[in-house]
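K.L.:
Below: one structure in structure tokens.
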């Protein structure tokens, strides 16, 4: 509000009272004069020295004007024939002061981090010689003001200037300094755009002005005589301007502000490039540095895309949609689309301001330039922002392959990839990016310490950027004065930079810059520059002298020196070698104290194979050598490579270290020579010519680049070669992702097909077509194969695993423009540029053509490679054709035409015909067809009727080259103009798209990855972006994605007989299926020809034979009708606010009768077939999704003969609500964990466990005397009602089981006298039940028409209780007459100040019948229960309040912001009498604590001084307000427990979880002792180090853990720290084990690779790939040696998901590891038995040495005992269910087996007995027996149960 006084404008001279000179100052010749033109007093400033004649506003530089207006208006007139200077100092939001100066003294634009200097072009009288000259010239007009200079109104958009040129946010105007020579009338700041042509009088008569334009205030306007025009007398300049006289970086006169009545003002007009350079249309539209390079076109334009920031540490490229605090919205008129501005910014993200809307209205104007329309301010931004994050780039080079640099540590290499600079870590392959260049990077250079990096981009407007390399920030950017920079060289100190390039006439130019101030102020000055006729290939600054340089090129080697601002050179006398073409040079490395710094050898290489040694000090040619002839290469001659005098091999690059020299030659060899060049001691052959070599700083590795796009490192000591990056050498045309493997296939104009590993970016395979270009490619959805279409019309089918051509089809004659597989892979579709389309049958052994149609597809090769589109169900095929104006939809099974749509006539208002360019089906039904058109539109067509359902306009400036839709159809991707855009399709027209840059060429294709976690775009390179949008919960909940094809799960993919069973079911996205899969109907859909749209007439339905679609439509209709149905149910009882529900005694007996009566009652219940909408409240209980189910039968142990007893349970269910009970008087304390109630003694820590619930317990209720506990859970199967169990707290017996609610119980409460008990069902159940605690008979029920979140009894009136729900509180009254019970309810809405959308989520009474209710908005309402009115509200939190407790004059609140607060509410009773006039200031907060999760349960003593609080993090806290302390009582995992292990000595155990935590617990107290947390990773497996031979010692105990990023971390328990981090795997580590000696770690990965690693050194000793392709599930070692085996050593085994077990014998001290045996187990052939959740389990049998115990997914449910000695199965133990976990006791012949049916089975193999134990609400996925065999630990999701084994 501080800036309100500045609205609408501030007259600065009047504000400072300039005439008094008290708040301002003047210096020199400053006088006030009367101006005849303006007829008012103005100030004249004149003098030959501007710095000595000026007006300063305010008086001193330490003061600030503090004016926040966006626009600065300066009314001035330059004095004829003179120069003037104006300085404007502004402050940015980060506190940085920036000076903006403009003057006709400046010759060119200059920019530093703190100073912008703009040349000013003075206007002249119309028709004068100056005006004529200005119109004809394009540059050189900066200079003294002409004699006819006029009064000028200069409008500076300070906010935009600061944002555009320096990427800073404008804060306020600090000062202004007006220097001679000029006349100035005034300065004004405002947030409004004023039109100087119009004054208030004219505006009042005109009544209307263009949107966003205001008339000039009276005191600022210029007088205009009658009959004259304002622009004939004065100049109006708006900067940034729309002028075309000079380049963008000068201030000059442009067009008038308003070009036509009613036409809005252009905000940021287009700018043209100098016309001396001819450029193509794509180049014109490039995203330019500080520059929009677009030319006006007579067509509507969209809003300006403005880049807000370029990352200084470029980890991601993002499109941030911030409104930028008035940058886009406040008082802004309209914007002309001029492209995207890119510039340096000190942030970590690249942000772009996007469209204000998806579509814009078209307005006809009378001007000859495009007009941009205003955008609605209500447009929202797309969230998350940014939605993309650039993660990886596959590519190298682009403009040049001659630059790749080492960092000074040798850990990373830096190389260009088109317009992006990539920093690649050699060991890990991780990439980070330096972003900012808008064209291809042509040169790179480091200073000596690698702290500064210089980079140049190609093009006629070449730019050089200086980077702070560690931060990734751009320190400076500047023009190079050359057409294109070809080479850069930094001095060792980093203070001098040299560049070589060509000027506009093609002449070589050398420029030397002073960069010493770049790090401080960002200023770079030209030291010297020179033109020369000689050719320069390489130029380097001598590392020992910043003023000396050496260059080489064709016919010359020259020495250069900078002295006195001039650059001079002299040639080296080369004698007979002066005609050679020299390619590279290098100085002798190292420094010898006895020699001068310049006394060293200069090595120069040539294209003829010569290497010259030049004495640099004496400028003398010392020696000449030559590489051996090309025909005597290493492949043909094995003798030593030497120099000779014969014809040589062209040397492209040279690098010299202190001990050897490296050369890269045209024959593809990297050769290493000693410095005497006696012979090659190491060489590496490449696929193409080596273009660059660089020796690492330590001299042990050599970096090499090839012109074929390969970047690699040669390790000299080990003679190993590591390929870092491969790349296509031409434009990418198409790509395809494999649905199930992390593989990407790409095709390019370089005639190659390449397959990449998307995890490591390594090239796996490549195929080369010599005489034809691959045009389109697609992966087979099931097999490891792909199809590729070529320019000749041939389609080839490649088998990847066999790396062979499997089939070839030659049905087409034109280039292939479209190629697709059906979702099940049984069919293939193709089309070509000559108009034909073909359908193929794809079998495992044979492929044949089913049908070919000619002249049906549009004959245009430009539509490839995405000319075809197939619906996700495989039923509809669409393409553009037979003309470019039509789109055809066919039956994908038969190619029968179903529909043809003419897209050219859909827009009736358009004067041009629209052509269809590309298309795509939306994945979800009704499978809308998206069509991109030449009119920059995306059309959404109904695939049945062809009707236009939606339209998105102004998608891109040029054509949309590719589009894709996410699996949930919420997001749409489009590519065009080198940009990517992301659109939210759920709210079209109201959410701005996000825009992403980075590509330097047109984007050929963009698509989502199969798992929807990434987006891939291809053009100049392959960009892999992280897609950060959260999955749509509605999409994951509904069955929108059918099941995975059977062939993906097992060997059925190889079975030809299974082909006929396949359908076109789409491949799963990896998200869990919400409902059971429906059968897929293979018959084609009938075309609905009804002209009526279903959405317009919901009572009309079209016929469909697709049951799934029909059911899906019915789901949507019934979901919307559920609230109305519930309303009718309630309204039918009584049409008033009081509902009376009567309940007869016999009805109560019926409800509490036998189970058969309950079932018969259940059949008669009125229930909706579809669930109501889920409440948007964390307070409401939602049971966790479980894929497991309850077992049908159990083997219960005989009483007293149980082999297991439950000792302890680790964890608390943070998913429950009010599921903890504590009575401070009796000390009774209980909580729930899964389906178990834990009763714990707070003094001793001992636990009792009450079992019986079949499902997760949702809530608890304790009577006031703490003698009875009620608990509620689901039923466990859909056929029965959920359970409410009544427990006796004294002996733990279950007294009663109540069944009434259908789904879950949300809340329960006992009355104050414990006589009544009320239970509330969840949102699906919608029932309230009132029970009598005497026998627990049902007294009354009520149907609730809205969900209820909380219920509680009034302590003052035993017959009253209240409930809270959405928007209202309900007061209930119980009335009893004899045996009849009635309940009445009065429902009161929340006050208006709380909001109608607020939900009441918690309630509590005080002792005087005041009811406190907490809201989802964080407010607390206080209600008078007698009058049923709310008399007080206050904001108690920023989040939803889920817990309320009131004791006396204190109130406790707990919310989902993780905070609990204690309030003093003593004054509330007094405020009760004041009614609505009560003030919330009388409520005071006394204490506040922040815990580790949202608050879900709380119980306190009567004084609210101490209590226990439960959170969603699975923690129970002891809270003491008096001492202000919180102590963790109970801890547990919030997410799934991934692994557990017991330490030697059995005093501790360790668990790890999905959240990346590794926790160590005490097995005595079950307390959490230690926790190691790794962010953003999952900890998947762990292992304790083995017990040392000296005996147990806690000091030596370590834990090794494997993580999802492929790393292993070793933690010391005693030191409580991480000792080592190892990265042996490229993907997740799924299994880990120590060898029995502890010398090595054995780990298995998700890719099936196994690594043997030393835990002492961290080195990976060996990698085993025998299980490659199937994740490792088990690794186990045994120290027992067997006499019957052929080999000695330690035995260990590994099992993988493909039902294979390998057994190994190893002697690690001898580096010996041999495969001993290989076991493979069959799987069922029936598809209905397929269960991919069953793991492969294997273990060594402790009591039978040499025996392996196996269980897995097989033909039978069983455990197998396999003898390694006898090579046969010894024993089979049948199981009732497949095992999901398995462990064997080392002390007895016991096997513990967990299953997905929530059972733990203990099998005594010696006695042949088995016992089942049920204490789980989910599958038992982990079982571990302690080393002594006394304890058994099991895990079910996040619960850990500790059992005692009765070995007797």
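Glycine is no exception: its Cβ is also placed from the backbone N, Cα and C atoms.
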K.L.:
Can you identify, from 235-256, 257-278, the stretch that Swiss-Prot calls region 'Disordered'?
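P.N.:
Of the candidate stretches, Swiss-Prot labels 257-278 as region 'Disordered'.
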K.L.:
How do the residues of the repeat 'WD 10' (998-1035) split into helix, strand and coil according to DSSP?
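P.N.:
Going by DSSP assignments, the repeat 'WD 10' (998-1035) contains 3 helix, 15 strand, 20 coil.
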K.L.:
Could you tell me what the rest of the chain brings near the repeat 'WD 5' (685-724), counting residues at least six beyond its ends with Cβ under 8 Å?
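P.N.:
Same-chain contacts beyond the flanks: 395-397, 401-406, 408-410, 413, 415, 424, 426, 429, 634-635, 650, 652-660, 662-670, 672, 762-763.
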K.L.:
Find the member of 436-479, 644-683, 727-766, 1395-1433, 1815-1848 that has more C-beta pairs under 8 Å to the repeat 'WD 11' (1252-1297) than any other listed stretch.
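P.N.:
When the Cβ pairs under 8 Å are tallied, 1815-1848 comes out ahead.
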K.L.:
Which residue counts does DSSP yield for the repeat 'WD 6' (727-766) in the helix, strand and coil classes, in that order?
P.N.:
0 helix, 22 strand, 18 coil
K.L.:
Out of 644-683, 1624-1663, 1815-1848, which stretch touches the repeat 'WD 6' (727-766) the most, going by CB pairs under 8 Å?
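P.N.:
Highest pair count goes to 1624-1663.
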K.L.:
Could you tell me what the rest of the chain brings near the repeat 'WD 4' (644-683), counting residues at least six beyond its ends with Cβ under 8 Å?
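P.N.:
The answer is 402, 583-590, 603-611, 625-630, 633-634, 689-695, 699, 702, 704-706, 714, 716, 719.
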K.L.:
Do any residues of this chain, six or more beyond the ends of the repeat 'WD 18' (1624-1663), have a C-beta under 8 angstroms from a C-beta of it, and if so which?
P.N.:
759-760, 1578, 1580-1586, 1588, 1598, 1600-1608, 1610, 1669-1679, 1690, 1692, 1694, 1696, 1706, 1708-1709, 1711, 1713
